[in-house]
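Data first, discussion second: the structure below is written as structure tokens.
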Amino acid sequence: MAAEAAGQDDATAGPADITEMAERLKEGNMKADLEASLPAGQEENAIQCRDVCRSYGKLKVISNLNLTVPQGHIYGLLGPSGCGKTTLLKCIVGTLKISRGHITVLGKPPAFPGHNVPGRMVGYMPQELALYNEFTISDTLIFFGRIHGLTYKETQTRMDFLVDFLDLPQKNSLVRNLSGGQRRRVSLGAALLQNPELLILDEPTVGVDPVLRAKIWQHLVEIVKTGKVSVIITTHYIEEARQANVVGLMRNGHLLAEGPPEVVMKQHSATTLERAFLQLCESSDQIGSKRGSSPQTGPLENSQSFESGRDETKPILGVGSGGAEEIPKYSADWKVRARHVWPKWGNIAALMIKTMVRMKRMPGSLCFQFLLPVIQVSLICMCVGGDPKGILVAVVNNDTSPSSYSQSVLSFLDNSSMYQVHLPHNDAFEGIRNGEYWGVIGFGKNFTSYLTKRMIQRQVSREVVDGGSVHVWLDLTNRQIAVMLQKKLHEAFQAFVENKLGSMSYLAALPVKFEEPIYGELNTDFTTFVTPGAVLSITFYLAVGLTALSFVLERKEGLLDRCWVAGVSSLEMMLAHLLSQLFVISVQIILLLLFILLVFKNPNEGSLVLIIILIILQGVTGISFGLVISSAIDDEQNANQAALGIFYPNLIISGIIWPVECIPYPLRYLSLALPQTYASEALRCIMYRGWGLSQMMVWRGFAVTLGWNTFFLILATVILKLRT
Ligand SMILES: Nc1ncnc2c1ncn2[C@@H]1O[C@H](COP(=O)(O)OP(=O)(O)OP(=O)(O)O)[C@@H](O)[C@H]1O
């Protein structure tokens, strides 16, 4: 009864009265519990939060919060949904930065250089399941074992224990085939795997049956008994937290009370923790409404005193307090800092193996990834840049002379491209107006004789020149078809001149002569121009597609946070993604080149090594750009939009489908700065001119690509670091 009375009195006492309260609790045999909960010194506290504040934009989620998790204790963090528990845990593990205040975890601030937090000292189970669905239970534990630096044997021993203890299904069961509760247990297993000194568990018992819940709590109680392990755990089952050594009751971003569960209950004459918590909430609401502010926002907006004069941001029992303690200064020398940022190859290897295992589990998707560029480039080679086929052309031939030249000219026309329909004048023109024909080819009735006259007479009249010409009327609404018709007619006439006019042929030839080209072929087509740029842009965009969602999905599923807390740095994540995607794009590029060079017989005069390096570098640019999107954007839809949004503008102004020389200034300056403009030009120069790196147009393409790679990778690492 005395203890009860003491508790009631202390409902209005400030945290500074804690020692006095402990004295009074002695009579109720509570002192041992409370003393065990008191912070005897900084090094004896596993976690210490002082005046911690954290906001999401304008929403203040944690306000001047003080919390202490003593070493070797279980701390039950309780509170209604949305009160800021998960946010606080994220601040403690260092995945969220605090706006104000001070946190130490196992003696130092989280993410302090050389301190193993994040790292193997902490076992973190986020609220999300944070598991790879394509993994088996065994893959999952082996992956986290690798990151924590456990040997294979150590991982196997722990795995056997955890499978048995957590009542998990067969080790080779796929995570995606497990029930919600089973997945949660696997997630808990991953947090317990390396026997960490500090366990941070965000609702580990949700969806777990009561028997197993009791078993989990029993395990936690046992491991803290050694005094070396501390636990902070959130739960919605308030009553199960009675097994904790200390509970913190949180509401609206600050602690209403902190102390041993029995003390909290006694203080409120409650028989259950839930009842005590309700009473605390009610009194907090009453005070809030007396002050004329809403219970939700009041405590956060006004961190001044309750009616009793107590600072409401301090817990009622107040195991820890803010103001009086001196905050130590932490510093690390540059060598430790340098070692801290230097990537660990073990982590990179673990992440790469993870990606490979996931790929292996999705063979269909992997094959599709390998074949997609080949399919795309094949479609381009087959469908873009070739000559139109089966174009209908009306022919009006009034040249009736025997062995007429008009028939000869027509016989040289390419029949696969043009289909000739012989018609009278009026029908032909009606047909072209109705859209039935793309052109009308007309010969006058004296075509043969006038053409002969043009060749043999020194001076001929305009009428003879006109009558000895082939007349063509075109539908120019489709430029490509019109250009093809013009080209085919010129070729047919040239062939006619060379083959039918014998020694007089030079007289009828056009006075413009195209000699053997210096580079390329006389009959080069548009496909030849478009292929190098298309190869680069396909490689770039597939790489963007492969990576743009990688961090977005992993962040959403809590995997990014979990890996980060396990000690993986942003740089290591970035490098691991880059290296594993490099494998995919290397296979894609090999298949792509095989098809272009061997199947579609695209000309190549240059070094295959340079071609491969340039395409791989473009792939790396795509991966790096994808990583920027992935680091900066939180949801799939926006990430997809960002990736798709730049697709067309980049394709159009990079000079891939139409020469960059057609782009007006000042847009051309932008075009030249883009990753693919100079690179496409460099690839064309290598393939069609056989140039090497000594030529400016070639090395410039490599330099710009490398510049973009570096920029994107640094940007992605910085964004990821700022956001974790
Ligand atoms: N990324 C975010 N951006 C903006 N607001 C957020 C974000 N994450 C959480 N919040 C808001 O912060 C508040 C606290 O959220 P938090 O997840 O910390 O609560 P919680 O106590 O863990 O809730 P629960 O018990 O339901 O998990 C909520 O109002 C939530 O809407």
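Heads up, the Cβ atoms here are built off N, Cα and C, so glycines get one too.
Annotated domain 'ABC transporter' per TrEMBL: 47-277, in sequence order.
The annotation compositional bias 'Polar residues' is assigned in TrEMBL to 286-307.
Residues or ranges marked as domain 'ABC transmembrane type-2' in TrEMBL: 494-723.
Feature annotation from TrEMBL assigns transmembrane segment to 533-553 (among others).
The transmembrane segment feature in TrEMBL is assigned to 574-600 (among others).
Sequence annotations record features per position, and here TrEMBL assigns transmembrane segment to 606-630 (among others). Within the chain, the transmembrane segment (606-630) has long-range Cβ neighbours (under 8 A, six or more residues past its boundaries) at 535-536, 539-552, 574, 577-578, 581-582, 585-586, 588-589, 592-593, 639, 642-643, 675-676, 679, 682-683, 685-693, 698, 701-702, 705-706, 708-709, 712-713, 715-716, 719-720.
What TrEMBL lists as transmembrane segment is 642-660 (among others).
As annotated by TrEMBL, transmembrane segment applies to 697-720 (among others). Cβ atoms under 8 Å from those of the transmembrane segment (697-720) belong to residues 551, 570-571, 573-574, 578, 610, 613-614, 617-618, 620-621, 624-625, 627-628, 630-632, 675, 677-683, 685-686, 691 of the same chain, restricted to positions at least 6 beyond its ends.
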Check: Is the transmembrane segment (574-600) packed against any residues at least 6 beyond its ends, judged by a Cβ distance under 8 Å, and which are they?
Finding: 343, 347-348, 351-352, 355-356, 359, 366, 369-374, 377-378, 381, 531, 535, 538-539, 542-543, 546-547, 550, 608, 611-612, 615-616, 619-620, 622-624, 627, 713, 716-717, 720
Check: Could you give the mean pLDDT over the domain 'ABC transporter' (47-277), rounded to a whole number?
Finding: 90
